[in-house]
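Taken from Swiss-Prot as is:
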type	residues	note
REGION	19-52	region 'Disordered'
COMPBIAS	27-39	compositional bias 'Acidic residues'
DOMAIN	64-262	domain 'Exonuclease'
BINDING	Asp69, Asp183	Mg(2+) 2 binding site
ACT_SITE	Glu71	active site, proton acceptor
BINDING	Glu71, Ala72, His240	AMP binding site
ACT_SITE	His240	active site, proton acceptor
Amino acid sequence: MALIKLARQLGLIDTIYVDGARPDPNNDPEESFNEDEVTEANSVPAKSKKSRKSKRLAMQPYSYVIAVDFEATCWEKQAPPEWREAEIIEFPAVLVNLKTGKIEAEFHQYILPFESPRLSAYCTELTGIQQKTVDSGMPLRTAIVMFNEWLRNEMRARNLTLPKMNKSNILGNCAFVTWTDWDFGICLAKECSRKGIRKPAYFNQWIDVRAIYRSWYKYRPCNFTDALSHVGLAFEGKAHSGIDDAKNLGALMCKMVRDGALFSITKDLTPYQQLNPRFVL
């Protein structure tokens with residue numbers, strides 16, 4: 001009865017009376033207006049934004065991410081001939097603490113291309129990478145070995161696990177992130193296949209930040225810089241510098257986490273394969 005009375009007072013429901021049958025409000029307890037009750041009903045506190053944000057942070061499965069953004073050989077305004085496949089020339093990765101927003105470790109190596117050893121003028125202008133820089137770089141195979149050692153040390157130091165590496169925590173608490181699926185799904189996969197390089201299995205699953213960005217913000221950015229600008233961030237460094245792109249991707253991830261976005265693996269090339277933790281740790 002109390003709920004019905006309150007609903008009437010708030011104008012949510014109406015009672016229709018036959019002519020002459022309407023009671024005197026002064027004598028009808030259900031029709032009498034109790035200001036204290038309405039005030040009390042309107043003052044029931046909703047969950048604060050802070051509490052909702054804390055709850056979503058608690059639901060976030062990853063406390064760390066590894067942001068990767070390869071730079072590769074490229075040519076202007078034309079598809080390269082069949083023998084001109086894109087080769088990685090910059091291999092950057094940054095380990096980002098999503099709780100603090102800080103970059104805690106970096107991996108950065110320039111890679112020597114073998115299939116197209118001479119960089120195009122367009123590639124140099126776009127990436128800022130000079131010919132002498134890649135000439136003194138290392139083969140991709142060597143860089144992957146060095147990266148695996150770096151990854152092992154950083155994960156051990158923080159007790160981190162990647163997705164599918166631990167049966168008791170299949171999600172892990174750290175994941176690779178990229179902007180689109182190109183870096184791992186196309187560039188690295190194709191080059192390793194062509195050159196017979198053993199690609200670590202942990203490169204087979206990652207988070208495409210662009211996919212989650214589009215879903216969360218209901219906005220389709222025209223490029224990465226536009227994505228940053230739309231959420232109030234400015235690109236820091238040089239665009240198409242792999243290490244700068246990776247750092248800005250980490251900053252965007254932290255912003256999205258603060259805004260309440262939840263992240264999960266968006267791409268898994270080997271969905272039924274579990275990682276061998278000994279290969280990483």
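Backbone N, Cα and C atoms are what each Cβ position is placed from, and that goes for glycine too.
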- Message: Restricting to the record's AMP-binding residues (Glu71, Ala72, His240), give me the longest CA-CA distance in Å as a whole number.
- Response: 10
- Task: Determine the minimum-neighbour residue: among Asp69, Asp183, listed as binding-site residues, which Cβ has the fewest other Cβ atoms within 10 angstroms?
- Result: Asp183
- Message: Give me the CA-CA distance between Ala72 (AMP binding site) and Asp183 (Mg(2+) 2 binding site), in Å, as a whole number.
- Response: 10
- Item | Other residues, Cβ within 8 Å of Glu71, Ala72, His240 Cβ centroid (AMP site) | Asp69, Phe70, Cys74, Ile89, Glu90, Cys123, Leu126, Thr127, Ile129, Gly242
- Item | recorded positions near His240 (AMP binding site) (Cα-Cα within 10 Å), from Asp69, Glu71, Asp183 | Asp69, Glu71
- If one measures from the C-alpha of Asp183 (Mg(2+) 2 binding site) to the C-alpha of Glu71 (active site, proton acceptor), what distance in angstrom results, rounded to a whole number? 9
- Most Cβ neighbours within 10 Å, among the recorded positions Glu71, His240, goes to Glu71
- Message: Using DSSP and collapsing to three states, where does Ala72 (AMP binding site) fall: helix, strand or coil?
- Response: strand
- Query: Per DSSP, Asp183 (Mg(2+) 2 binding site) is which: helix, strand or coil?
  - Reply: helix
